[in-house]
Amino acid sequence: MEREKEQFRKLFIGGLSFQTTEESLRNYYEQWGKLTDCVVMRDPASKRSRGFGFVTFSSMAEVDAAMAARPHSIDGRVVEPKRAVAREESGKPGAHVTVKKLFVGGIKEDTEEHHLRDYFAEYGKIDTIEIITDRQSGKKRGFGFVTFDDHDPVDKIVLQKYHTINGHNAEVRKALSRQEMQEVQSSRSGRGGNFGFGDSRGGGGNFGPGPGSNFRGGSDGYGSGRGFGDGYNGYGGGPGGGNFGGSPGYGGGRGGYGGGGPGYGNQGGGYGGGYDNYGGGNYGSGNYNDFGNYNQQPSNYGPMKSGNFGGSRNMGGPYGGGNYGPGGSGGSGGYGGRSRY
């Protein structure tokens, strides 16, 4: 039987103890299935652990079983597992942010709430479903939101961009509240704010004492300032500070999530604002615009404007340069500084 694509079978494991080895990581995760790969990312010079790694299972069902059994504790430390994001996706808005709310585009007039509930219930426990309608006409605007009780269903759903719901092709994205979008924007500058693990000035520890105490840190930091693991089979970050916390913060100086500007439901904002033509009235280049523009809605939620999310400039070899998981590229900031799981 042909295996599912690797991107559906791989987990990023953050917050590892520096004492955790590949053997102890493997031993822990093998309780949920057979691993085809397991790695603790290390500094190439000192060979010291960078505090994160990846495990790849033989099936997505095993990943689901592992994620259903959270929290995970390895070598006396609670770790943070997340479904890994492939390199080609990691530069897109929303790739690494952790949210419980899902944006669903391409909703047709004959699609009702129960269609969304029936489809998405298999992924996890649904809290709320909202299909956005026009205030005057009552017609559906072509999009809606599904909120789960956990971030993992959203992470799993967006691994596959298109879903067929009620016979129609729908596109899914992570949704951010306006406040979350503003936090991400403020963190782009690499200063101030309190988005996630702390001050982006960094300099000292990882998860612990030391100036900054963020994912970036100095030589002991969550990535040692060299980039998110220098890549891992196309799933990492390139060298140069764009790691789990390059000082520019969430997405770096080149845009960050949304690249600034108004958000979804703000005047002139719109979903994407140039990213795949969202917000310009053409959801997916005109495919989903039956009900007009997606922008200027009263909703406070939605993925934001364009810009990059961590960058995607570095390519490189198997262990040298992709953009996998919470990781940026070449100093553009990557996942860290103030990221949140």
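Each residue, glycine too, has its Cβ placed from N, Cα and C.
Annotation source Swiss-Prot lists compositional bias 'Gly residues' at 190-211 (among others).
As annotated by Swiss-Prot, compositional bias 'Gly residues' applies to 308-341 (among others).
Annotation source Swiss-Prot lists SUMO2 cross-link at LYS10 (among others). According to DSSP, LYS10 (SUMO2 cross-link) is assigned to a strand segment.
Feature annotation from Swiss-Prot assigns SUMO2 cross-link to LYS92 (among others); the stated evidence is similarity to another entry. Taken residue by residue with DSSP, LYS92 (SUMO2 cross-link) is part of neither helix nor strand, so it is coil. Every protein chain shown contributes to the tally, and the Cβ of LYS92 (SUMO2 cross-link) ends up with 23 other Cβ atoms within 10 Å.
Every protein chain shown contributes to the tally, and the Cβ of LYS100 (SUMO2 cross-link) ends up with 17 other Cβ atoms within 10 Å. The SUMO2 cross-link feature in Swiss-Prot is assigned to LYS100 (among others).
In the structure as shown, the Cβ atom of LYS108 (SUMO2 cross-link) sits within 10 Å of 17 other Cβ atoms. The feature SUMO2 cross-link is assigned by Swiss-Prot to LYS108 (among others), with similarity to another entry given as support.
The SUMO2 cross-link annotation in Swiss-Prot covers LYS125 (among others). Counting only same-chain residues at least 6 apart in sequence, those with a Cβ under 8 Å from the Cβ of LYS125 (SUMO2 cross-link) are PHE148, ASP149, ASP150, PRO153. Following the DSSP three-state reduction, the secondary structure of LYS125 (SUMO2 cross-link) is coil.
Secondary structure at LYS140 (SUMO2 cross-link), taken from DSSP and collapsed to helix, strand or coil, is strand. For LYS140 (among others), the entry in Swiss-Prot reads SUMO2 cross-link, with the evidence type similarity to another entry.
Per Swiss-Prot, SUMO2 cross-link is recorded for LYS156 (among others). Take the CB of LYS156 (SUMO2 cross-link) and look out to 10 A: across all protein chains shown you find 18 other CB atoms.
The annotation SUMO2 cross-link is assigned in Swiss-Prot to LYS161 (among others). Other C-beta atoms found within 10 angstroms of the C-beta of LYS161 (SUMO2 cross-link) number 12, with every protein chain shown included.
According to Swiss-Prot, the SUMO2 cross-link annotation covers LYS174 (among others). Around the Cβ of LYS174 (SUMO2 cross-link), 25 further Cβ atoms fall within 10 Å across all displayed protein chains.
The domain 'RRM 1' annotation in Swiss-Prot covers 9-92 and is backed by sequence analysis. The domain 'RRM 1' (9-92) scores a mean pLDDT of 96 in the predicted structure.
The feature domain 'RRM 2' is assigned by Swiss-Prot to 100-179.
In this structure, SER17 (phosphoserine) belongs to neither helix nor strand by DSSP; it is coil. Per Swiss-Prot, the feature phosphoserine maps to SER17 (among others).
Per Swiss-Prot, the feature omega-N-methylarginine maps to ARG26 (among others). Within its own chain, ARG26 (omega-N-methylarginine) has LEU35, CYS38, VAL55 as residues 6 or more apart in sequence whose C-beta sits under 8 angstroms from its own.
The annotation phosphoserine is assigned in Swiss-Prot to SER73 (among others). Cβ contacts within 10 Å of SER73 (phosphoserine), excluding its own Cβ and spanning all protein chains shown: 11.
Ranked by how many other Cβ atoms sit within 10 Å of their Cβ, the modified residues THR147, THR164 place THR164 at the bottom.
With respect to their backbone Cα atoms, LYS174 (SUMO2 cross-link) and LYS100 (SUMO2 cross-link) stand 8 Å from each other. Residue pair SER137 (phosphoserine) / LYS161 (SUMO2 cross-link) shows a Cα separation of 30 Å.
The secondary structure of LYS161 (SUMO2 cross-link), as reduced to three states from DSSP, is coil rather than helix or strand.
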